[in-house]
Every structure is written in structure tokens, then in C-alpha cells.
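*Asks:* Handing you a structure now.
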Amino acid sequence: MPSVAQWQGTPSVKGSTEGIRMALLTASLIGLQFTWNVEMTYCTPYLLELGLTKSKISLVWVAGPLSGLIMQPIVGVVADRSTSRWGRRRPFMFFGTILVAMFLLLLGWTKEVVRYFVKDEEAAKAATIYVAVFSIYGIDFAINAVQGSCRGLVVDTLPIAKQQMGSSWASRMVAVGNLIGYGAGAIDLRSVFGPMLGDTQFKQLTGVAALTLCLAIGTTSWAVTERVLVSDGTEDGELDIKQVLGTIVHTALNLPRSIQAICTVQFWAWIGWFPFLFYSTTWVGEVYLRYDAPADVRAAGDLTGKVGRVGSTALIAFSIITFVMSVLLPFFVQSPDDEKVHDFSPRSPKGTGLSGWEKYKPSLLTAWMTAHCIFASSMVMAPFVTSLRSATIIIAVCGVSWSIACWAPFAFLGVEINRLNTSSHSTHPKRSSIDLDANPMTPHLHLGIEEGTSSSGGASSGQYLGIMNLYTTLPQFMGTGISWVVFSILEPGKSPELSEAPPEERHRTDGPNAIAVCLFIGACSACLAAVATRRLGRIQGRL
């Protein structure tokens, strides 16, 4: 039996220029982020409208970390050993996208689907909540499989010198998805599409999100050709659940020191990002309704759509800053390979190292640490905000931090994965990942890679990306617990702004805003992420 993996073909991306190829490789993230935006922007006010309390909604959002905890590591391990002729990542992207689209449409038309089967009004209200929650869980489980595969495809396709560039392009596409998603949420889609996609803003958005996701995933799947795994070199070609879980546990307990440090930064950072991503739109809407809204707003109807549009308007500013920073910062920040492996650097001639003003650029680690500090300083002000303008400003400032949060961890992890793959082999390595400066359409046959051949395509990228996702999802469980406690203490009743419940069942609004308190706690966690980033710098010798 072979002792090393055997591959057929060479990864390639369609396109005449490097920029076009990078854009096509990462285009799938536009659809992914659009879908996440719809869920995070509109689902909380939608569930509040259905009659759930904030403390119960915080438990619903366990779906996100739970699905990430289960799906991304498992899909990563299974995909790493897939011998499909379509590649290791694209089949999971394709079938996962179909499921996400189906659950999105079910979520948007939950009331109609339930009332078709349940005629009793009270029973229909309860069933609507259950079906809506089921749809959210379905979306989260399916989209995590798609997301892990999309990130793995980027790592698999690019050589080590292009990992930072690939991560920065991924960050740009996330920013574009944010901008399109929040822009769509901010306008009245009923005036654009009429009744064609539904009679509410929420229905219209779920339909547009399903279509956008299919187009984005389809574009990347069409443009990218993966190399095909012929054999992974193991005795047993079949995977069972025991092997999958054993691989995940072994990898998690034996992470290289630098990857462990990257994951630790992610852990503390995501305790802070969780309440921001899931509740900031609702918080902005509540600030508007409590302090700035005219008296006739409530009588206009579709308050869920109104809150979503107000929150989306604030997040458009956030998205614009995210996009601008994701485009500009890579030109002003050293990439990881610039800092330590100058002979691989795409910005300076081979062997010359850094020259001129390049040596004065801050490192990516420094930028990442600064981003945590910016986020913390913004969120610490949340409990003191009493106007829509102030809420919009502090949300927008966080776009700087988010642009780096979508870029830095994957850049460092991609570089570390490819270095591990390179160093684990012997002399005379051969590059089997695409060189984006060459003609991407030139056919190659790479069958039966011999021992000593280096794959800079991330042979175990699915495992390591899955493990880092554990460090992204575990803090979300903590964030869920923190949110549940805060909501139960400060706002135990139903929403006075969105719920149609009688006054005695609604919570008071004269105390501190519970979501703002969660954002404040997130600021404290961001400070710990900054400390962990500094420790990562010491491990890598960059700070």
C-alpha cells in the first residue's frame, strides 16, 4: 500500500489576470456572508415578533456555535479524504448550498407553511415558532459545511506565498457580502420587486439570499478546478465516525504551538464578536424606537422590517469601512511571509528581503492587536448610547476591526499549514498548488506523488480549519450563556417594541439596555484577545 497521498491534476482558476482569479476563487464568500447577514439582521426581531423573549432567543442562537462545532471539523476531515472526481471541497459546497436555500425559503414563509397544515390559531402560533427555530438550525448546520469547504478550497488552491493575498481577498469578499446584504436590508425591497418575492421585507430577503448564495457558490465552483485525491496513503480507504472523531481529537490535542496560539486569539476575540454580530442590528433598532422614532412609526406596521432597515443602515457604514480597509490595509501591512520568509515574498525580489518603505510597515500581528483594541474601545461605550447617530458611529468604527478579523487569522493559519506540509517532507519539494502568476489553464498531470514531494495545497487544511472553527464556536457558547444571564436579569419579559403581547408580559425599558451590556462584556473579552495576540507575537518572534 502507498505510504503517501497520490494526486491527479493541478489546481487551477479561470481568469486572465491574478485579480480576476483571486476574485473568482473567493466569490463564494459573498453569498455566504449575505446569508449570514440576513439571519443575524432579521431573525432576532422576527423571533421577538413571534413572541419569544430575548433570553429564549439567546438559547436559539446556540444553533450557530453548535453547528460549527459539529459540522466544520467533521466535514473538514471527511473532505480531506474524499476521492470524488469533482475534488474534495466543491461537492460539499454544492449540496450544502441546496440545503441552505431550501431552509431559507422555509424560514421566510414559516407562517404560511404552518397555517396550511394547522388551522387552530393558538396552535399555529406555537408551531410557527418551532418551525422557525428548526429552519434556523437547518440553515446553520448546512451553511457551516459550505463555509468550511469554501475556506478549505482557498487554502488548498494557493501556494504558501499567496496565502496572505488569498486571505485578504477573502476579507474583501466578506466585506462585499456585508455591503450587499446590509444594503438590501436597508431598502424597502417590496418597492423594488413588488409582491413577486413575498409581502414582507423578511420574505423578500430570504428569497434574494437563497438566489445570491446559489450564484456565488456556482461561480466559484465553475471557476476552480481542484486536484483529485487518488489515494490518501492509508491502509483503510473508508472512514467511520470513530476515525473521524479520533482524528479531530488527536489534532486538537496536538496542535503546533503557533497554531494553538492563533486559536487562543480567536477564542477571546469571538466572545466579543458574538453579541455584536447577532444582536447589533436589534440594538440599533431598539435605540431608534426608544429615543428617536416618531410616534406614528408603530402604527405603520411591519416593525420587524423597520427595525431591520434601521439596523441595516447603520451596518452599511460598518460594511463600507470594512470593505475600504480590506482593500487598503494589505498595501500598508506586512504579510506573514514578508516578516519571516523573505525569499517567498511576492512584494520584493527573491533573496533581497524588505527594502525601502516596506520595512516601516507594521506587521499583521500588530494590526490584529490594534483591531482588538479599536473594537474594545467602541463597544465599551454601548451602554451609554442614547441616540441613533451615536449607535451608528460606534457600529461603523468596528468595521476596521472586522476587516482584520476576517483576514489575519486565516492568513496566519494558511501560512502555518503550508509550512507544516513543506517541512514534513524531505528534500527537493515540488509545488503542486497553482502559481497564480502563470497561465492557470495550462493542464498538468500530477499522478502518484512520490515520497518527499511537498504539497503546498494544504493536505490537512480541512482538519486545521475545522479545529480553528472549534475555537470560534466554543466562545459563542460562552457568549450565549452570558447573553442568557444578562437578558434574564435585565429584560425577562417580551419585547415592548416588537411583540404583540399584552403590557403585563413585556419587560420595562427604563433600565440599561441588555444588549448594550452584552456588548460591554464583549469589549472586555476583546482586551484579552489583544493580550493573546501579543503572546502569539512572542511565540513567532515578531513582537
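From the backbone N, Cα and C atoms, a Cβ is placed for every residue, glycine too.
Pasting the relevant annotations from TrEMBL:
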- 20-38: transmembrane segment (TRANSMEM)
- 58-79: transmembrane segment (TRANSMEM)
- 91-109: transmembrane segment (TRANSMEM)
- 267-289: transmembrane segment (TRANSMEM)
- 310-333: transmembrane segment (TRANSMEM)
- 365-386: transmembrane segment (TRANSMEM)
- 393-415: transmembrane segment (TRANSMEM)
- 514-533: transmembrane segment (TRANSMEM)
*Asks:* Test the contact criterion for the transmembrane segment (365-386) and the transmembrane segment (267-289): 3 or more CB pairs under 8 Å, pairs 6 or more apart in sequence, then answer yes or no.
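*Replies:* Checked: the transmembrane segment (365-386) vs the transmembrane segment (267-289), in contact.
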*Asks:* Would you say the transmembrane segment (393-415) and the transmembrane segment (91-109) are touching, if the rule is that at least three C-beta pairs must lie under 8 angstroms and be 6 or more residues apart?
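*Replies:* With fewer than 3 qualifying Cβ pairs, these stretches do not touch.
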*Asks:* Considering only Cβ pairs under 8 Å, which range in 20-38, 58-79, 267-289 makes the most contacts with the transmembrane segment (393-415)?
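*Replies:* Result: 267-289.
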*Asks:* In the same chain, which residue numbers or ranges, 6 or more beyond the ends of the transmembrane segment (58-79), come under 8 angstroms Cβ to Cβ?
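*Replies:* Long-range Cβ neighbours of the transmembrane segment (58-79): 47, 52, 88-89, 92, 133, 136-137, 140-141, 143-145, 147-149, 152, 239, 244, 247-248, 278, 461-463, 465-467, 469-470, 472-477, 480, 483-484, 487.
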*Asks:* Can you work out which residues elsewhere in the same chain, 6+ from the ends of the transmembrane segment (267-289), have a Cβ less than 8 Å from its Cβ atoms?
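*Replies:* That would be 36, 40-42, 44-45, 48, 61, 64, 297-298, 306-308, 310-312, 314-315, 372, 375-376, 379, 382, 385-388, 391-392, 395, 398, 402, 405, 471-476, 478-480, 482-483, 497, 513, 515-516, 518-519, 521-526, 528-529, 531-532.
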